[in-house]
């Protein structure tokens, strides 16, 4: 039928059976025209409908016009074609029907194309993917007719000339359109070029070129990275996810209730008994009960709504999953075409009778299949990684959102909660992300294994099972090794944790270590832990090498066994090239899914744990705040009605049956002993506690100042405004009232000064005042103030009370509820509420309470008796300096002053443990923080913004890593080792090439002997040598690996030793200007990179590199001309790699730089939740979190894309290598045999993956070697003076303890001003000197100079005639003793804290403990001296810590004692103990006391008054009080008239 339609033959197979092959013209004009047109017409309606649905605004570009014009020309051409067909009808043979129908078809089609192109104007992506596919199809199908017409013209130049010309023009126009549609059209509405990229641009990722170029020219910054599309933004994702989450949770909850019902039928009466706890239990009992409770809890509360998360995620992202599923199916099927094509090519090479064109056809097919495979695989990866990223984002944002709604927890629990939630956000989200990347491998692996075995069976029959059997046997062996490895890793994580814990403590307490010259002891502790860690690393490495050995042995073993079995089973079985090389290729395909399966299963298991944890948290109930009623019409500001609240239902009630009315505009003081429930009362009002019964009515908005001031990382101004508009006048008023102006003068940048995390560079008092200013600035109705005056000194407290809180303050007329410890404000308040044991004991005005002679009056009396004549000044003169806002004062003093009851200790401890741990670790005195500030003044002027500052720090290492760093690392491994390692790997590859050559020789036997007469000796020789070469491969890889493990271990050891030695010898100024985190990071992240990742990347790199070389060598052995192809491809490859590595390295950095703000903002939110909720700012924080996540997301997206960009280009190079290799095989087929072809191509097929890996590894090494660079940076930090010099001080020095300062000057760092400006004075033996002065006068600098923490800038200090600058630091520091300001303890035994070098006997230590009044306490502990102190001494009260520091000093018995007075943190009683001990025990010493309260130094021999680095007065206190000078005025302020007015 078609024959008549065309008027010529439609199909004749004899045409294919000639060297000059061609298709019949009729076939080309019908079938090959209809395929592309059919494709277009089938998909057009669907496309147009899609466009109609997703319309945006219309835009017209030049590119669009050009396309329309060309399609217009095509329309004209079709018309001309039709005209020609009509005019040609000149009477001879009738013109075939096809000449009319085709132009008509084309006319209609071009109209349709015009319509589609026009309709795409309304889309964001102007270029339609399926139009591009249509052009490609049309051009491919047209090629055949094109060459047929050319051939016809060459034979007979006049045949069909007009038609041919029209066809050629038509063909050229189509190519033009295709070229045009490769360009992308920009769209103003979209920021991200990926959305507007054309089809060709998006499958090759060419739209990303501009970014790569930019990254190559200069390091990328955040501005250079494209934003992600709106659909992928956090907000959009979460709102979609929440819709499905709500549905699924509903279902899960119903199922959960059913389960509960069933359970309760089975065992009625299983309820947990809530342990009612009294507040005054001892700590140990508490801990025990906690653990009991945990056990009980875990038994009963295992169950919760389960298995809804995965379904919800699936429903949210099913489109991406479907797309990637289809791509993966296509890819997997195409994978198995390669071995079949290889088989055909080998057959072609062996059979000279086959026409040449078939060879070319196979080559081209091989290339096309590989191309399609590449595009499918890369796009599939892009989708999967995007899905992973979206899942991570969704989880992170959902957890954050949940946190804002729930997560109540007493202040005790916050650090704990913080950690678990951070884990949910970082670790668990990451685990899910990793699994979603590979989710399709679950079915794909099974499919690949099944197909591979099927094809292998077809080749080799049942003997395949032998090979597969070996693989299957090796899987569990690998599994066992891997689990052993995991166990070692877990163990090593523990070692690493304990090493980092010690490092953290060393760095937090570095000052103490330097004061006491204790560095060597701690250095040994770290070294011992490190030894254990390295031993485990070696074990890990050895197992890893065994796994590698098996991995490399597997393919060899499998092929040896399979081929041997095949040859031995039946003597007629001869191995020929087709069978051997096709099988090897198939085995290579099979290797990947086999090795992936166990990994997949383990990561699925990990992810399932993560999903459970996430389900438990996200499915949990929100905090129920229904008991807090907001009523605008109430006549009372706050009203408690029979209210009982608890922190946790298992713990019993904290607040019991409170009835309390507070009138609008009142100032109410809440007082009570520590632990009486004052703060809990405030929390109940804010809705932070769980309601037991009763309710609280609140009228109006609330502002809240917590006891633990919560400061955000940002400027002071941002902290105070807290998201409100700036009203300059009001803002200045608030600053003045909160006494912040003097502080702002000191801080660089004033109120734009940058505050570190948790307000690390502010003193406690400053933090509290900023926190108060934040509340004051918000215009709220009710102010809840939880002890805002605890950390400020007395005169500041007075100022704040008068200006802010008091009857005439800024807040007058507002309702103020003030928790306070300061007695002297009480007469001015409207009402006093006395709290005890969670209920209200009494309430009323000051005078009524005194008249009632109740609890309040009693406590007040005791206190006044204690303090003696001068009133408030003693209580809390100046605790600014020691950042500890917990001054036990007033009500806390028990009736019987002498008894130091355990209850008190614990109460104090409980309050203290509420301060988040880290802030207690970073206690820094104001002066220290000022040091840091001054240091930063210079820096801050250049870099005003913090964000930049952080990145700046990272960017020290932009660009390439210096070669010297690589050398440094290789040197640490040892050159000798390196030579042997490389040798091992080279021999492995020689054996590899050898075994391949041997196999091709073996297969060539099949031509010589045909089956029947194959001599068994020859057969055994072949099998034996092939096997031996295989074993040699495995063996040499194993040797090289083991050697490299030992080498790298050695390197890790050396680098860590150098780093630790140098950090401990760094001067104090280094620690003041470098955040602890940054140093710890070197010991954590960077050392672990050097331990684990770097050696692995180096090994893989060497293997990949040699693998590529060996493949190229093999191809060149077969066809030397191939060198010509290698050179240009090599150049392209290297340049692509250089471009990529620069961009990728920077994107990796940006990713980590943008990731930390997410987590720090998160932990900030968790610790400040109560404040955020009280001010009702949850939405603002949600927005901030979303922005942070999006910023990180765009970096991750860019990084993923850069990887795909690279992979597409590399795979193209790999595919070209395969293509050219196969082309050479076809061209030179007369000189080659089939076995050579098989041997070359089966290896060339692997090269694509290896090329990809090599670049990956190169960039991995580049990324990881940065760790060595960062470590080296700190190895080269300059050191302080040597610990011991040749000049040793005389034996028994200092015997007298005389100190002379002569014109002594000092500055903190070379670029700063002098802190002490020429001090000259003599201190005689056993004199007691008091040093006083305002904050920043240089008091602490004086002690630092004696210990040479600061080196002199001029002048000198001599002790007993020895210039302290002339001897070693340890010789000096071991002879002085200091009782420091903050009592810092280290985790370890009590004994270790007193005597780390074991210099003293137990008797001496007990004696010291007795003198420091700790003996009874320590003797009462079960473990005695080996009682474990927790990190930072958290399990001792501050008083006990201070006494331990005293015991340290007593042990050392040196002639010179320096006391940096810290008694502000201690209650009066401990204070007295310390004072008397010092007076009796240190009477024979020279004592220098740095005082913050004048009472402590009134009995000293002399007082030195410092002011801005100079001595203003220096005489006995009696003399100084006689004439009005600075000291006289200070004394007056403190209420001291003469030296006897202090009654202690």
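Using N, Cα and C of the backbone, Cβ positions are placed for all residues, glycine too.
Please treat TrEMBL annotations as automatic predictions, because they have not gone through curation.
The compositional bias 'Basic residues' feature in TrEMBL is assigned to 256-266.
Annotation comment: TrEMBL describes 324-606 (among others) as domain 'ABC transmembrane type-1'.
The annotation domain 'ABC transporter' is assigned in TrEMBL to 638-862 (among others).
If you look up TrEMBL, you'll see 979-1263 (among others) marked as domain 'ABC transmembrane type-1'.
Residues or ranges marked as domain 'ABC transporter' by TrEMBL: 1299-1533 (among others).
The annotation region 'Disordered' is assigned in TrEMBL to 256-283.
If you look up TrEMBL, you'll see 31-52 (among others) marked as transmembrane segment.
Here TrEMBL flags 64-85 (among others) as transmembrane segment.
Annotation source TrEMBL lists transmembrane segment at 97-116 (among others). Listed as Cβ neighbours of the transmembrane segment (97-116) (distance under 8 Å, sequence separation of 6 or more from its ends, same chain) are residues 5-7, 26, 29-30, 33, 37, 40-41, 44, 47-48, 68, 71-72, 74-75, 78-79, 81-82, 85-86, 88, 128, 131, 163.
TrEMBL lists 161-183 (among others) with the feature transmembrane segment. Residues 63, 66-67, 70-71, 73-74, 77-78, 80-81, 84, 99, 127, 131-132, 135-136, 138-139, 142, 145-146, 149, 152-153, 198-201 of the same chain sit 6 or more residues outside the transmembrane segment (161-183) yet have a Cβ under 8 Å from a Cβ within it.
Listed by sequence, the residues of this chain that lie at least six past the ends of the transmembrane segment (438-457) yet keep a Cβ under 8 A from its Cβ atoms are 321, 324-325, 328, 332, 335-336, 339-340, 380, 384, 464, 467-468, 582-583, 586-587, 589-590, 592-594, 596-597, 600, 603-604. Summarising the annotation, TrEMBL assigns transmembrane segment to 438-457 (among others).
When Cβ-Cβ distances below 8 Å are used as the criterion, the transmembrane segment (463-483) is approached by residues 453, 456-457, 543, 546-547, 550-551, 554, 557-559, 561-562, 565-566, 569, 583, 587, 590-591, 594-595, 597-598, 602 of the same chain, each at least six residues removed from its ends. Summarising the annotation, TrEMBL assigns transmembrane segment to 463-483 (among others).
Feature annotation from TrEMBL assigns transmembrane segment to 549-569 (among others). Note on the transmembrane segment (549-569): residues 460-464, 466-468, 470-471, 474, 477-478, 481, 575, 579-580, 583-584, 587-588, 591, 595, 988, 995, 999, 1019, 1022-1023, 1026-1027, 1029-1031, 1033-1035, 1037-1038, 1041 of its chain, located 6 or more positions outside it, place their CB under 8 angstroms from a CB of the stretch.
Per TrEMBL, the feature transmembrane segment maps to 589-609 (among others).
Taking Cβ pairs closer than 8 Å, the transmembrane segment (972-992) reaches residues 552, 1029, 1032-1033, 1036-1037, 1039-1041, 1043-1044, 1046-1048, 1050-1051, 1054-1055, 1102-1103, 1106-1107, 1109-1110 in its own chain, all 6 or more past its ends. Summarising the annotation, TrEMBL assigns transmembrane segment to 972-992 (among others).
The transmembrane segment annotation in TrEMBL covers 1023-1046 (among others).
Residues in the compositional bias 'Basic residues' (256-266) partition by DSSP class (helix H, G, I; strand E, B; coil) as 11 helix, 0 strand, 0 coil. Same-chain neighbours of the compositional bias 'Basic residues' (256-266): 303-306, counting only residues six or more beyond its ends whose CB sits under 8 Å from a CB of the stretch. Long-range neighbours of the transmembrane segment (1121-1142) within the same chain, counting only residues 6 or more positions beyond its ends whose Cβ lies under 8 Å from a Cβ of the stretch, are 212-213, 215-216, 219, 959, 1112, 1115, 1202, 1205-1206, 1209-1210, 1213, 1216-1217, 1220-1221, 1224, 1228, 1251, 1255, 1258-1259, 1262.
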